[in-house]
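> Copied straight from TrEMBL:
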REPEAT    176-199  repeat 'WD'
REPEAT    200-241  repeat 'WD'
REPEAT    287-328  repeat 'WD'
Amino acid sequence: MALPPPDPQFVLRGTGAAVHTLHFSCGSPEPAVPILFSGSENGLIHVWNLRTRRVDTALDGHGRKSVYCVETMGGKARLLSQGRDQRICLWDLAEGRTAVTDSVFTENVGFCRCSLVKVAQGRWLVAMAAKALQEVQVLELPSKTSVCTLKPEAGAKLGMPMCLKLWQPNCGSQPLLLAGYEDGSVVLWNLSTGKALSQLACHQEPVMSLDFDSEKAKGISGSSEKVLSIWSLNEQQNLQVYKTHQLVNAGIADVTIRPDKKILATAGWDHRIRIFGWKKLKPLAVLDYHTATVHCLAFSDHTGPAERLLAAGSKDHRISVWSIYTQT
């Protein structure tokens with residue numbers, strides 16, 4: 001008989017608002033204290049100490065407008081955040097500082113999370129939805145130099161970019177960008193030429209979230225429908241539908257593959273977190289704790305498998321933290 005799903009290992013309360021983004025910083029070579037960053041609808045970023053399970057610091061840099069993306073940039077002292085104030089902020093948190101050191105005005109009114117990838121020591125690329133409706137802009141950080149603007153061909157009715165994923169195919173080559181659009185398409189972009197390499201209709205509705213496993217050249221996307229779409233990328237850089245999975249209830253706000261590529265999690269509008277095996281998309285567990293939409297998920301970057309955690313942030317102002325399938 002299957003084991004009953006576990007309860008959360010612990011729950012973090014005190015954000016005072018719906019939680020829209022989560023990001024862990026637990027791996028080596030960091031100091032001993034594992035950290036979880038959360039971004040909320042009230043414009044605050046909370047820095048949670050996972051030892052004490054309390055907030056160490058609350059960062060306020062987005063004019064009380066919802067924060068929907070937080071990423072670390074090589075260690076937990078350097079932070080990037082994005083909010084509904086149309087700004088991406090860079091933070092320096094070393095030695096207890098809480099200062100925004102730089103910011104980029106995106107001029108985009110949507111809620112598409114930016115995507116960040118490291119390209120060299122101290123150099124990053126960030127992709128974000130641009131001012132013009134269908135466009136994506138890619139900048140280099142910290143210099144803020146424009147790398148390219150990705151524009152669909154004339155007549156392509158993709159709508160707004162809804163979710164983005166930058167990834168590095170292999171050492172030395174230019175990163176590529178996967179973008180999910182309002183019309184349900186996923187498009188693979190080449191940043192050096194600024195051209196689309198491949199386009200695939202994955203959903204009937206806007207793509208709410210996607211993740212990609214560059215080792216297996218396979219990705220997954222969710223929308224407001226009852227369907228998860230799994231697609232692959234062949235050696236000619238063409239996207240192909242691999243399989244689809246029917247869900248019980250409609251609406252996926254977030255989907256994320258664990259760093260070890262063994263399992264993935266989805267955040268549901270039905271308040272539930274679903275866990276699947278990544279290899280065959282076998283349903284493994286339904287985690288039922290939240291009382292409202294689950295907006296975001298993050299797997300921890302712990303080095304030891306036994307310490308791995310999954311965090312989920314919800315409209316109910318709570319963050320549930322789970323320890324599941326930690327045996328390799």
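Cβ coordinates are placed from backbone N, Cα and C, and glycine is handled just like the others.
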> Give the mean pLDDT for the repeat 'WD' (176-199) on the 0 to 100 scale.
94
> Could you give the number of helix, strand and coil residues in the repeat 'WD' (200-241) as assigned by DSSP?
0 helix, 25 strand, 17 coil
> In the repeat 'WD' (287-328), how many residues does DSSP put in helix, strand and coil?
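Output for the repeat 'WD' (287-328) reads 3 helix, 17 strand, 22 coil.
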